[in-house]
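Dropping the structure in here first, questions after.
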Amino acid sequence: MSNRKYFGTDGIRGRVGDAPITPDFVLKLGWAAGKVLARHGSRKVIIGKDTRISGYMLESALEAGLAAAGLSALFTGPMPTPAVAYLTRTFRAEAGIVISASHNPFYDNGIKFFSIEGTKLPDEVEEAIEAELEKEISCVDSAELGKASRIVDAAGRYIEFCKGTFPNELSLNGLKIVVDCANGATYHIAPNVLRELGARVVTIGSEPDGLNINEKCGATDVRLLQERVVAEKADLGIAFDGDGDRVIMVDHEGNKVDGDQILYIIAREGLRQGQLRGGAVGTLMSNMGLEVALKQLGIPFARAKVGDRYVLEKMQEKGWRIGAENSGHVILLDKTTTGDGIVAALQVLTAIARNHMSLHDLCSGMKLFPQILVNVRFTPGSGDPLEHDTVKAVTEEVEQALGKRGRVLLRKSGTEPLIRVMVEGENEAQVTEFAHRIADAVKAV
């Protein structure tokens, strides 16, 4: 990726009220995007958001900017990110825009774009938008200004799409499922999808108030879900993040089932049904246990850089159809164009219903290696801690100690000023000690 001023790995993101997530910048962003997108002929853009209170302000700013450039906005209201990608395709809109900071706290927000195909915008389009941002804002003639309207049946359209990815001959009758919607964008979607397919549904994290998105709930914190699954004697639990593009599951014993295990289940089921094309894509963070388990099944495995856009790029490069991050981004190109938590969960539920097996049993063919992740905050602009000699030396020592039976990965977060230190190996105590040793070295520089 080229060096850009505003667009990161997942659009533009930051704290609301601080540059660039301010009303004036977002208005200009809408205008700049409108100027670039108008060159392609279409005059309509889908705008969706999660449940953050700042979404109202930011969608109004985007609408004003787009209208000034001559594009009309179609609002979905609170809607999962993958739903916006789907609606962008079905409405033949020139682009889709999602106002969300995904799994971040409510005081953050962000803007990301989808192309007419429902995929992330190509780099060159993002670069063209950045170039327009450097210009003075202008307005088209009054007769050419854009309009705004709402898609009144957006939720219903997406619910039917999700249900369509679950086999007609199967149902979820007899399954009791606890669903944690992270007080986010899936709150009015996921429970209805599961109920309409026959499940008994218990909901948590489904009362958004604009401030409680991702707060001690959802895919980034499944402790409450684990407790409720056990207390309710449910068959399983499903947790989404604030914008619905991630999913983490919990088995009937309260054990967490992450994106690596979900990818394993979906890949194995695809192999059993003769529907798996090629192999599966993970990331540098994917557990070694996934690689070992897939190898035992004869399924090729490739690692991409961390970030769903890189998983997708690797899938396209290989011509493969399934990929995932252990954080719960699961991309299934036979079903949709981007990471979709609900669709991914439905494919796991397909394996449960078809094989009459529990989620716990479906995971049993894959043994996770102990993997310790430590996040270390650093001050932006203070130099790169990863390039410091002390950090390099400690990392090398750990790598030599682990040999071929473990891995070390240090990387910067694409969305926050964090260094992520990951150490993986067969001995949990050793791996934990190594991870904190490296993290301490990073903190000290």
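Counting starts with 1 at the first residue shown.
Including glycine, each Cβ sits where the backbone N, Cα and C put it.
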Check Swiss-Prot for me: it has Asp241, Asp243, Asp245 binding Mg(2+), so pick out which one of Ser60, Ser72, Ser102, Ser413 it puts in that same site.
Ser102
Provide, as an integer number of angstrom, the distance between the C-alpha atoms of Asp245 (Mg(2+) binding site) and Ser102 (active site, phosphoserine intermediate).
8
Other than Ser102, Asp241, Asp243, Asp245, which residues of the chain come within 8 Å of the Mg(2+) site, judged by Cβ distance to the Cβ centroid of those residues?
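Near the Mg(2+) site, beyond Ser102, Asp241, Asp243, Asp245, sit Asp50, Pro80, Thr81, Ser100, His103, Gly184, Ala185, Ala219, Phe240, Gly242, Gly244, Arg246, Gly341.
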Which number gives the other C-beta atoms within 10 angstroms of the C-beta of Asp241 (Mg(2+) binding site), all protein chains shown included?
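Looking across every protein chain shown, the total is 33.
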Could you round the CA separation between Asp241 (Mg(2+) binding site) and Ser102 (active site, phosphoserine intermediate) to a whole angstrom and send it over?
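Distance between the two Cα atoms comes out at 7 Å.
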Cα-Cα, whole number of Å: Ser102 (active site, phosphoserine intermediate) versus Asp243 (Mg(2+) binding site)?
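Each residue's Cα considered, Ser102 (active site, phosphoserine intermediate) and Asp243 (Mg(2+) binding site) end up 5 Å apart.
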So, three-state DSSP: helix, strand or coil for Asp243 (Mg(2+) binding site)?
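Once the DSSP labels are grouped into three classes, Asp243 (Mg(2+) binding site) ends up as coil.
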Within the chain of Asp243 (Mg(2+) binding site), which residues six or more apart in sequence place their C-beta under 8 angstroms from its C-beta?
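Sequence-distant Cβ neighbours: Asp50, Pro80, Thr81, Val98, Ser100, Ser102, His103, Gly184, Ala185.
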